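J.: One structure follows; several queries about it will come next.
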């Protein structure tokens, strides 16, 4: 009571001087607070080690300070009075004095409480006598709150989101991010766009240390301690900086031998005496051996072997057991034979038996049995007992064994591809007109095979050569035969000079090449041609013996002069093909039997011949001149070689992958080549692209004899032994990045078949989209 009243009087006395002393009291309070906090932080000055027990601190100041302690013993200082608070307390006490008895009762209650606290705290006698005691009281726990609400332990973390350890991206499509302890949705915080994030990155200085909590979606700012911890972990150091990594080693068990052993008990007497139990066991075993009761291991094995008897095993494993494949990983089983069909029956239905045509085709593929649909010819018997022994049984078994152990096996994934997807999307033929569609005229007059045909450069006349040893000149518009020139041998090839200023036809008959003036067309042109071929020019160069023995130039005799023959070039072997250069001064001939002199080049103006090759690269079948460049195309049976006539070197070798080449035709621009083969194929070569075929066309059923490009229109035609002439669209673009467009247009099949031969030669009209074809039926047909 006295202490409380003294405090009140002191407050009243200090009222007039509050403003004057405020600054001095504030400085003194700050010094006292720092001293008290330093005393709290220093563990050596703690009055007790027990947590949760009220502790007392002493101070010389008359002001009262209270400290609150948490469960871990950390204290927080709280000032109880200041200059402003003292004014408020003094004013409150004056009001209380005016109230009277009510204030006195409250004072008495406060004295009782202070006495009870003093009796519980029990401060030290020496400190309490000299200084005023300052008590630090622990706050009482509210019974209405949970016991572990304010806990700081890691096991009781304040986790508001109760979804558990799940991927949080499951809540990306929802407005909430989980549920709290009351099963209420935790709404996601507002998310800014990229502009907001950019502004925060610029304006917020703590943006670099801000992370997002995936459980709550809130931005959490990392403290300096967290950043220091992260740096230590990243650098590979121990996270706790207070941990001493290199503490002094304490040898709990020393390596030095001590003088006094821990255990020094002397050995027992039985440790060095023979064991009595072992002695008894050995004596029993000796007695059993003497009596024959006990047997050795070898005797036991011999008795077991006698009981088992002889052991039999199979030389090979059974078919049901899986063979252990050594040295082979992931073995592939052999493919099974196809089950027999109705055609293999001894009495098959009539529709499975071959007719005369099918039998002929089956026998025709004798050299290529793998192309047959059936490897046998179905037969019909009345009964099973009439079926003879199968003569090819051993051969088929032998081939099957060869396939099983010689052919490599591999697993392939079967692709289910729609057939329509593989068919290229081609334009409609109606959009690609004009092209020949019907047969317009038939030129009849030859009595044997018509092997070759050629058209005048202006497109008015037509020349043909036949096996009936005649050369006929036709008028295209009327179909009238204007002139017939008889020869001594079969006419293999005819070629009209492409130069419109000359009227010359080259005729290959036997060993001779005849240069004929057809005497049709302009008379001035005919006379100019006769003047050119009348006299031989002087020879400036001496020809070698190799050329003289291969070819000889001479003027035609009188009887041949009347027929129109002007010059005769005699070769040492039969001529198969003749072709002109684009300018009309050079022409080349092919003699397949001539070995390294199979191809010859003749110059008309100088009446001189050349042998371009000194070595034989194979049997030459066909030659061509490039329409623009000084290049020479030479086709052997399997390959095509392109030579530069100026540099006299090989430029390129085209690989046809065919058995036998029959003919060639080059595009007017000179960048694409069309090749026909006897194995039913046509090959399109893009000379700028590759040495392999750009496209292989199998449009015919039999051997393809001839192919030809049109000079003006994007058309080409092919003739085959299946009596068909197929007209196709072949557009070559100026853009090198765009591939040629090839579209089959029309199949013209009007020729008749004679002795397995059909169409022998095709040629285009130089101006109109018309095509001429010669056949084994001794006719020439025009399609327009």
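A Cβ is built for glycine as well, from the same backbone N, Cα and C atoms used for every other residue.
Swiss-Prot lists these features:
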type     : residues : note
COMPBIAS : 1-11     : compositional bias 'Basic residues'
COMPBIAS : 27-36    : compositional bias 'Acidic residues'
COMPBIAS : 45-54    : compositional bias 'Acidic residues'
COMPBIAS : 62-73    : compositional bias 'Acidic residues'
COMPBIAS : 84-111   : compositional bias 'Acidic residues'
COMPBIAS : 112-123  : compositional bias 'Basic and acidic residues'
COMPBIAS : 138-148  : compositional bias 'Basic and acidic residues'
COMPBIAS : 149-158  : compositional bias 'Acidic residues'
REPEAT   : 488-526  : repeat 'WD 2'
REPEAT   : 570-612  : repeat 'WD 3'
REPEAT   : 754-784  : repeat 'WD 7'
J.: Using DSSP, how many residues in the repeat 'WD 3' (570-612) fall into helix, strand and coil?
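T.: The composition, in the requested order, is 6 helix, 19 strand, 18 coil.
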J.: Residue counts in helix (H, G, I), strand (E, B) and coil for the repeat 'WD 7' (754-784), per DSSP?
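T.: Split by secondary structure, the repeat 'WD 7' (754-784) comes out as 0 helix, 18 strand, 13 coil.
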J.: What are the helix, strand and coil residue counts for the repeat 'WD 2' (488-526) according to DSSP?
T.: 4 helix, 16 strand, 19 coil
